[in-house]
Amino acid sequence: MLSFLCFLFFLTPLCIFPGSWWLVCSLLFFVSFIFLFSFPYFFCWGNLGYFFGCDVISYGLVLLSLWICVLMVLASESVLRSGYFSGLFLFVVIFLAVMLYCTFSSVSLLSFYIFFESSLIPTLLLILGWGYQPERVQAGIYLLFYTLLASLPLLVGILFIYGSLGSLFLCLLRGGVSVSGLFYVCMVLAFLVSMPMFLVHLWLPSAHVEAPVSGSMILAGVLLKLGGYGLLRVFPVLFKFGFSIGFVWVILSLVGGLLVSLFCMRQTDLKSLIAYSSVAHMSMVIGGIMTMSYWGVCSSFALMIAHGLCSSGLFCLSNISYERLGSRSLLINSGLVNLMPSMAMWWFLLSACNMAAPPSLNLLGEIGLLSGLVSWSWYLMFVLVFLSFFGAAYTLYMYSYSQHGALFSGLYSCSLGYVREFMLLFLHWFPLNLVILKVDLAVFWM
């Protein structure tokens, strides 16, 4: 694992050279491709080096992080074209890739916490430095306030685990810690805010709306998955107590996901709609993890990977429209099939994946979560039916309003996409529909 980390570190000097944009992008592609072939064929941690290692869960999320960071550079050519601190932008992206790599490959709970918090710094720099509107300062404060306030109790809980067990290595975290209600809330609250769960989700839409396309991609693609990954890592300590109190989180997240789905039906901002749909999807992930069943955990992991690719692609599409029209409003972004007919197919493909149409990985994750949650409690069927229905409804609303209808009166020309944009969308969609062919391998090793 240290070899990949050193590779990412040695990319940073290239950022100071003016013509190194596509070289850095190509090298990030290369390291993602090489990491793809380091799948851990074992039941425990492997590729161990110093405080870093890899198992099946961390392998999938590290690969997703590297892949999204590559696509961030590919999507942000406007930064290169404008010349607005393009070298600094590349440095921030590589720094973010290093932080996420270290977060998901840490074998110690304390180093995981440190890198978990450090990954917020480059995200905040992306929002403040390359955001579109003055309100980005307020969005950055929201992001810091919600995440840091909930993370301080987590640090206290980690130190309490060290005092009880004498070790913080993830593979040694088992029972032996006296778990109280306060300790349980301290350990899970930071991860629930990061996912985010309903009632603590208000920072996410504001951060998405003010962030540049790269910030939205990494927020939806990877940073929301930090919460799910953290829950999976700390639950061996909270296993017994979690069974007695897990129903609270399951009900709260699923009912909240249903309410957020209704919010999506009233949105007129494209990025805000996609951001709220992320909250609705992650509510099912929280419910699946909190059941603490094999089906729930595996399906939640699958949906996390699928959502990371799908929502990142939708944010790219909204940015492609924004670059042409200068607005994210659905009132102006209407009838786009007349303006950009070649992009209408990609809107359809990624919208179909967002509503869990076959053969996407979203379908596998949602079917597994439906069966896992219904087997946990049959009464959840009533909530899940409406959650699935409105999930399809707001996706169809977004697609039909943006692609069909009358074209905005100020537009009279036809705008085709660039090859870079088609490649960017293909690299989101292709893995999303290809992974399902070999998903049995990952489930077996989990």
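Backbone N, Cα and C atoms are what each Cβ position is placed from, and that goes for glycine too.
Feature annotation from TrEMBL assigns domain 'NADH:ubiquinone oxidoreductase chain 4 N-terminal' to 1-103.
Per TrEMBL, the feature domain 'NADH:quinone oxidoreductase/Mrp antiporter transmembrane' maps to 107-390.
Per TrEMBL, the feature transmembrane segment maps to 21-43 (among others). Same-chain neighbours of the transmembrane segment (21-43): 4, 7-8, 11, 14-15, 54-56, 59, 62-63, 66-67, 69-70, 73-74, 80, 86, 90, 94, 97, 445, counting only residues six or more beyond its ends whose CB sits under 8 Å from a CB of the stretch.
If you look up TrEMBL, you'll see 49-75 (among others) marked as transmembrane segment. Outside the transmembrane segment (49-75), and at least 6 residues removed from its termini, the chain residues within Cβ reach (under 8 Å) are 1-2, 5, 21, 24-25, 28-29, 31-32, 35-36, 38-40, 42, 90, 93-94, 96-97, 100-102, 104-108, 111, 213-214, 217-218, 221-222, 225, 229, 232, 301, 304-305, 308-309, 312, 316, 319, 420, 423-424, 427-428, 431, 442, 445-446.
Taken from TrEMBL, the feature transmembrane segment covers 87-106 (among others).
Marked as transmembrane segment by TrEMBL: 112-132 (among others). Under 8 Å from some Cβ of the transmembrane segment (112-132) lie the Cβ atoms of residues 76, 79, 84-85, 88-89, 92-93, 95-96, 99-100, 102-103, 106, 139-140, 143-144, 147-148, 151, 154-155, 158, 170, 207, 210-212, 214-215, 218-219, 223, 226, 230, 233, all in the same chain and six or more residues away from its ends.
Look at TrEMBL and you will find 139-162 (among others) tagged as transmembrane segment.
For 182-204 (among others), the entry in TrEMBL reads transmembrane segment.
Summarising the annotation, TrEMBL assigns transmembrane segment to 216-235 (among others).
Beyond the transmembrane segment (241-264), the same-chain residues lying 6 or more positions past its ends with a Cβ under 8 Å from any Cβ of the stretch are 179, 181, 184, 188, 192, 197-199, 201, 235, 273, 276-277, 279-284, 286-287, 290-292, 373, 376-377, 380, 383-384, 386-387, 390-391, 393-394, 397. The transmembrane segment annotation in TrEMBL covers 241-264 (among others).
Annotation source TrEMBL lists transmembrane segment at 273-295 (among others). Proximity of distant same-chain residues to the transmembrane segment (273-295), defined by a Cβ-Cβ separation under 8 Å and at least 6 residues beyond the stretch ends, is recorded for 192, 195-198, 201, 204-205, 208-209, 216, 220, 224, 227-228, 231-232, 235, 239, 242-243, 246-247, 249-250, 253-254, 256-258, 260-261, 263-264, 267, 303-304, 307, 311, 314-315, 318, 330, 354, 366, 368-369, 371-373, 375-376, 380, 387, 390-391, 394-395, 398.
Taken from TrEMBL, the feature transmembrane segment covers 301-322 (among others). The list of residues near the transmembrane segment (301-322) in space but at least 6 beyond its ends in sequence, with Cβ under 8 angstroms from a Cβ of it, reads 57, 60-61, 64, 67-68, 71, 75, 208, 213, 216-217, 220-222, 224-225, 228, 232, 270-271, 274, 277-278, 281-282, 284-285, 288, 328, 333, 336, 340, 343, 346-347, 350-351, 353-354, 360-362, 364-366, 368-369, 402, 417, 421, 424-425, 428-429, 431-432, 435, 439, 446.
Here TrEMBL flags 377-401 (among others) as transmembrane segment.
What TrEMBL lists as transmembrane segment is 422-445 (among others).
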Most Cβ pairs under 8 Å with the transmembrane segment (216-235), selected from 87-106, 139-162, 182-204, 377-401: 182-204
